[in-house]
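So the structure is just underneath, and the comments pick up after that.
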Amino acid sequence: MARRPLVMGNWKLNGSKAFTKELIAGLKAELADVKGCDVAIAPPVMYLAEAEAALAGQSVIALGAQNVDVNVQGAFTGDISTEMLKDFGAKYIIIGHSERRTYHKECDTFIAKKFAALKAAGLVPVLCIGETEAENEAGQTEAVCAKQIDAVIDALGVEAFNGAVIAYEPIWAIGTGKSATPAQAQAVHAFIRGHIAAKSQAVADQVIIQYGGSVNDANAAELFTQPDIDGALVGGASLKAPAFAVIVKAAEKAKA
C-alpha cells in the first residue's frame, strides 16, 4: 500500500516566542503548496501556545511535542500530560528519543507506557528507536531495534502500531554530521518493517517509519528514494524554514 510520507521537525531545546512566530511564518510561506506529504513540528512545550496561534488558518503543518508523561494529572511536578498537549492541538508526540533515553535514563518499559498513554488519548506516538555507535560496530543494530519495538508489542500488542510512527535514529548519526548511507538506512527500515510483519503484515504495511539521523537538505532526496523510508524526523535542519522545506518537498516528490 502507498504510505503517505511524514516529515517532522524536532526543535529540541531551541527557540523563543519571537523565533517560534518567525519560523512558522517562514514555514507557512515555504510549504503552502505541499499536498503529498504530512508535515509536523515539535517546538519546546513552552511555545505550544505561540505555535498553535501561528499555525491557525492552515492545514499543511500539524503541531507536535517532544515528550509526554504517563500520568494525566496529579502531583507530578514538571510533567506534561496527554490532555495538556491535546488542549494545544498537538497531534504527533515524540517518545523514546535517544536524548531522553540517555540524559533522563528512560527505559523501554517506561517508553511503552508513554506509547500506551498517547494511544489512549487518541494522539500519534512517534517512537524513536536506534543503536549507539558501539552497538552498531558490534553488529547489534537489529537486536537493539527489535528489543525497543518489542517493549511496545509485549505491552500492547502489534496492533498498537496502527496509526503510529516509528523513527529510526542511529544515535551515532544524531547531531554529528554523520549519516547512514541510504542503503544502510533502508536495510534497517526493511528489518523494522519485517519484524512487525512477522506479527502482522497489515500493521507493517501501514506503519510510517521515518529516518532520523542527521537528515538535511543535501541528503534527503536520496534517502527518500528508498522504499521503506517514509519520511524523516529532522533536528537541526528543522530550525531553518528553507532547509526544512527542501526536505519536505523531497519526500513529496519521491513518494508521489
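Backbone N, Cα and C atoms are what each Cβ position is placed from, and that goes for glycine too.
Remember, predicted model here, so these are calculated numbers, not experimental data.
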Which of Gly36, Gly57, Gly175, Gly194 belongs with Asn10, Trp11, Lys12, Ser214, Gly235, Gly236 in the substrate site listed by Swiss-Prot:
Gly175
Site of maximum Cβ density within 10 Å, from binding-site residues Asn10, Ser214:
Asn10
Using a Cβ-Cβ cut-off under 8 angstroms and a sequence gap of six or more, which residues of the chain neighbour Lys12 (substrate binding site)?
Pro44, Gln66, Glu99, Gly235
Euclidean distance between Cα atoms of Glu169 (active site, proton acceptor) and Gly236 (substrate binding site), Å:
14
Glu169 (active site, proton acceptor), number of other Cβ atoms within 10 Å:
26
Applying the rule Cβ within 8 Å of the centroid of the Cβ atoms of Asn10, Trp11, Lys12, Gly175, Ser214, Gly235, Gly236, what extra residues of the same chain belong around the substrate site?
Ile174, Val234, Ala237, Ser238, Leu239
Could you round the CA separation between Trp11 (substrate binding site) and His97 (active site, electrophile) to a whole angstrom and send it over?
13
